[in-house]
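These came from TrEMBL, pasted as-is:
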- 95-157: domain 'Potassium channel' (DOMAIN)
- 192-236: domain 'Potassium channel' (DOMAIN)
- N95: N-linked glycosylation site (CARBOHYD)
- 21-44: transmembrane segment (TRANSMEM)
- 135-157: transmembrane segment (TRANSMEM)
- 178-203: transmembrane segment (TRANSMEM)
- 215-232: transmembrane segment (TRANSMEM)
Amino acid sequence: MLQCLSGSSCVRVIEGYRSTWYFLVLVLAYVLYLLFGALVFSAVELPYEEQLRQELWTVKQQFLDDNECLSEERLEEFLTRALEASNYGVSVLNNATTNWNWDFTSALFFASTVLSTTGYGHTVPLSDGGKAFCIIYSVVGIPFTLLFLTAVVQRIMEFSTRRPVEYLHRRWGISKPMLAALHATLLAIITISCFFLIPAIIFSVLEEEWNFLESFYFCFISLSTIGLGDYVPGEGYHQRFRELYKLGITCKCTVCLIIIAVQRHILYILLLLSYIYTCTTVQKFGVGKIFKTFLKEEDADLVLK
């Protein structure tokens, strides 16, 4: 009897705080996923870092042995200054002096990475005035970019999603959820091909030191706006038509971000749609009303009618 009462009270407590329990499970899952990523990255990358440190130490000792007139302190001082300049995108190598970081096309590429929040980090403002302007430019430009992308996505969605789905629904009588899923799959294939696979092949040809995996990695890191900065196109020592190349990359990244935003919007619709249609009686549980509160009216009608 006591066990029954205890069990029923536990059930009532769980039912009463269901949203809280869901939130705690979500937090725990996120923390575990974060720890999982840290463990994998550490296990994979730490041996390579150790090997690179050993190689650098060996090269440094060999250089000091070959140049006995140079003290280790002077070498450390020079290397520290060179690395500080390298962090600002300035190299001490002779074959890198022709690549300016702040000509117009490079500055345009930098502005696009700031507004898209990609931020490769290979080029940063050197002066106090440049840093102050970057702050003001970002405060105004990033919300403006989000507004611009939202407006563009809304218009693209009208012509690339809603009208084709409506037309095929009227023409062939196929349900809108099925058409939306097929349309999203087709768009995903086109997006992956045109903005990941094909550009990766082009970059692997144009960039002398990049293979296909590194080129695909750059495309993904850029379009996901992670922007680690370990791979930046157009920074090669013998890059031909560098200005035109940088301008083309800027245009390509802008177009890709718009297409990716459209794809995210469609994926968002499909995720909610997949949840809704797991219920056998949508109207009974009022899920349709809940769904319409998350989406615009035209998006909800696209999948619920």
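Each Cβ is built from the backbone N, Cα and C atoms, and glycine gets one as well.
Map the listed features onto the structure and describe their local environment.
Mapped onto DSSP classes, the domain 'Potassium channel' (95-157) shows 44 helix, 0 strand, 19 coil.
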From the DSSP assignment alone, can you count helix, strand and coil residues within the domain 'Potassium channel' (192-236)?
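Counting residues per DSSP class in the domain 'Potassium channel' (192-236), I get 27 helix, 0 strand, 18 coil.
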When the pLDDT values for the domain 'Potassium channel' (192-236) are averaged, what is the result?
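When the pLDDT values over the domain 'Potassium channel' (192-236) are averaged, the result is 83.
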